[in-house]
Structures are given as structure tokens and as C-alpha cells.
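Asker: What follows is a single structure, and I will ask about it in a moment.
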Amino acid sequence: MANSASPEQNQNHCSAINSSILLTQGNLPTLTLSGKIRVTVTFFLFLLSTAFNASFLLKLQKWTQRKEKGKKLSRMKVLLKHLTLANLLETLIVMPLDGMWNITVQWYAGEFLCKVLSYLKLFSMYAPAFMMVVISLDRSLAITRPLAVKSNSRLGRFMIGLAWLLSSIFAGPQLYIFRMIHLADSSGQTEGFSQCVTHGSFPQWWHQAFYNFFTFSCLFIIPLLIMLICNAKIMFTLTRVLQQDPHNLQLNQSKNNIPRARLRTLKMTVAFAASFIVCWTPYYVLGIWYWFDPEMVNRVSDPVNHFFFLFAFLNPCFDPLIYGYFSL
């Protein structure tokens, strides 16, 4: 997960090892073959996601230039711009950090970067999830309350700003709970093996459990529920319109009808939600399993563990493909 609760960190980042525990040289983590494959795939996805998201930002920039010539940038394109920025931020922070950390196994960057990068990692994970919530809410309101959305142009900007603000606030505890530890051998002598972990930051075990559940809820459960509710409301509204008059699905801008462009953005919103579920569910299922059964690390093979966690890196790669497919 985003902190020391994950089995991925337990295996590869030694985050489940407290600095007071004595280790032998043979117990220290190493870079395995499956770890090397994971690193290779991670950096490949990093290049892919960077290229896709940067290309879409350039395309949006061209639309922005057209806006200066009198063509207004649509509300949906503004939302897509911020989602792309959030995806690019996640790509540039999380993927290189994960790849390099798996290569080095231990932490060499010092305590300051341990705290700062842990904060930036969680911030860059919150931002895309919250932007997905904003898009789902905006599209739901555009269908269920079109006149209210059209008359309130500030609502979209407010939700976007709130998403960025909450991302920065909710990631704040990372600056406090992460720290460097130095592990010792069986004789008590320091071996020079250091790690960036959260151990010793929580007075009681349930404090860490609460923090883990909070981050899990904000990163996955709450966004997922909001997206499902919004998409259900959209489908219900569309079904009701079609039941009243099957010919209502016309290509005009009447408040009672659904223009084709809006239908296209609705399909894209559903595709975003599906991508979010497919990519993040394996990642969090593995994390939750570890919370309730830490010994699962010894039962789940290393390749399976790495494979499940790589799913999360597919999400920022898929989103630009979804943009392109629906040709906004």
C-alpha cells in the first residue's frame, strides 16, 4: 500500500522489520530474479505512461491555444487536463521510486528524502483517485442537473482545487511517520543496512491499523463507491429518458435530450471507472490480505506478489488510451 502496511514493502523494502530486531546477514533482503523482472517492467511502464500522458497534455495545450482565438476549452477537457497532470505526477514519482528502491533494496537517500519522497508518493496516489471522483461527480451532475451545472461555472474549478488540496493534506502524516532505521546483526553491530520505514511512529498497534485503513479507504474504497454511485445515477437517468421517449436520444442541445458528445464523455467516464477497478483491485486485495494474515508473504510466491503490484502501474497508462479511443 502507500505505507509500511504492504507485503510488497515487507519483502522488498524491509518495512516490517523494526530497528530493534537483530538480523543475520542471511536474513537481509536481496534483489531476486522476479524482482529484476518487476524493475524492468516498471521502467517500461514508466516510459510508456510518460509518453502517453505528455502527448495528451501537448494536445490539450493546442486546444488551449485555440481557446485564445475564441474557442472555449470545454469543461470536460479541463477535467481531463488535471487528471492527466495527476497521472503524470504519479508516473514521475511512484514508478521511478519503486524501481530504484527494488534495485537498491535498502534506503540510501537519507532521512530527509525518506520523509519527502514518502509524502510525494502518497500525494501522487491520492491526486488521480480524487480527480476520478471529480470527473464522476461532474458527469453525473451534467446528466441529472444539467441546468445547474451550466449556470455554475465555478463548481468544476472548486472540485478540482479541493481534490488537489485534500491530496496534499491527507499525505501530510507521511512526513511524520516515515523515518530511517539501521539494522543490526546478531551481535548487535550495525551492518550498514538502512531502511525507510514507519516503525516506532505509532504508540499503539491500532493507531497504525487506523491509519492504514484511512489511507486504503481514501485511495480506493471511497472513490470506488462514489464512482459506482455516480455511474448508477447516470444509467438510471438515461434509462428513464429512453423509457419516456425512445427518440429522445437526439443530437441537439435541448435540456431534455442527450447530445452525442455528452454520451461519448459518459462512456469515457465508465471506462475510467472500469480501469480504476481492474488496475487497483489486485494491489489492494493483496495489501488487505497481508493486514489480516502477515504470514501470507511466505505462502504467496515472489513472482505472483510482484505481478499483482504491477497492476497498479497500468492505470496511468490506460487513461490516455481511453482519452484517445473516445477522441475528445
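Residue numbering: from 1, along the chain as shown.
Yeah, the Cβs are placed from backbone N, Cα and C, and that goes for glycine too.
Checked Swiss-Prot, it gives:
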type: TOPO_DOM; residues: 1-38; note: topological domain 'Extracellular'
type: CARBOHYD; residues: N18; note: N-linked glycosylation site
type: TRANSMEM; residues: 39-58; note: transmembrane segment
type: TOPO_DOM; residues: 59-77; note: topological domain 'Cytoplasmic'
type: TRANSMEM; residues: 78-97; note: transmembrane segment
type: TOPO_DOM; residues: 98-115; note: topological domain 'Extracellular'
type: CARBOHYD; residues: N102; note: N-linked glycosylation site
type: DISULFID; residues: C114-C196; note: disulfide bond
type: TRANSMEM; residues: 116-137; note: transmembrane segment
type: TOPO_DOM; residues: 138-164; note: topological domain 'Cytoplasmic'
type: TRANSMEM; residues: 165-184; note: transmembrane segment
type: TOPO_DOM; residues: 185-212; note: topological domain 'Extracellular'
type: TRANSMEM; residues: 213-232; note: transmembrane segment
type: TOPO_DOM; residues: 233-281; note: topological domain 'Cytoplasmic'
type: TRANSMEM; residues: 282-300; note: transmembrane segment
type: TOPO_DOM; residues: 301-306; note: topological domain 'Extracellular'
type: TRANSMEM; residues: 307-326; note: transmembrane segment
Asker: Whole-number answer please: how many Å between the C-alpha atoms of N102 (N-linked glycosylation site) and C114 (disulfide bond)?
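Answerer: Distance between the two Cα atoms comes out at 15 Å.
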Asker: Which one is it: of the disulfide-bonded residues C114, C196, which Cβ has the fewest other Cβ atoms within 10 Å in this structure?
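Answerer: Output over disulfide-bonded residues C114, C196: least Cβ neighbours within 10 Å is C114.
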Asker: Looking at the stretches 78-97, 213-232, 282-300, which one shares the most CB pairs under 8 Å with the transmembrane segment (39-58)?
Answerer: 78-97
Asker: So, do the transmembrane segment (307-326) and the transmembrane segment (213-232) meet, by the test of 3 or more Cβ pairs under 8 Å (sequence gap 6 or more)?
Answerer: no
Asker: Look at every Cβ pair spanning the transmembrane segment (213-232) and the transmembrane segment (282-300), keep those 6 or more apart in sequence, and say whether at least 3 of them are under 8 Å.
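Answerer: Checked: the transmembrane segment (213-232) vs the transmembrane segment (282-300), in contact.
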Asker: Write out how many residues of the topological domain 'Extracellular' (98-115) are helix, how many strand and how many coil, based on DSSP.
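Answerer: For the topological domain 'Extracellular' (98-115), the helix, strand and coil counts are 13 helix, 0 strand, 5 coil.
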Asker: Mind checking which residues of the chain, 6+ beyond the ends of the topological domain 'Cytoplasmic' (138-164), have their Cβ under 8 Å from one of its Cβ atoms?
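Answerer: That would be 75-76, 78-79, 82, 127, 130-131, 230-231, 233-234, 237-238, 255, 258, 262, 265-266, 269.
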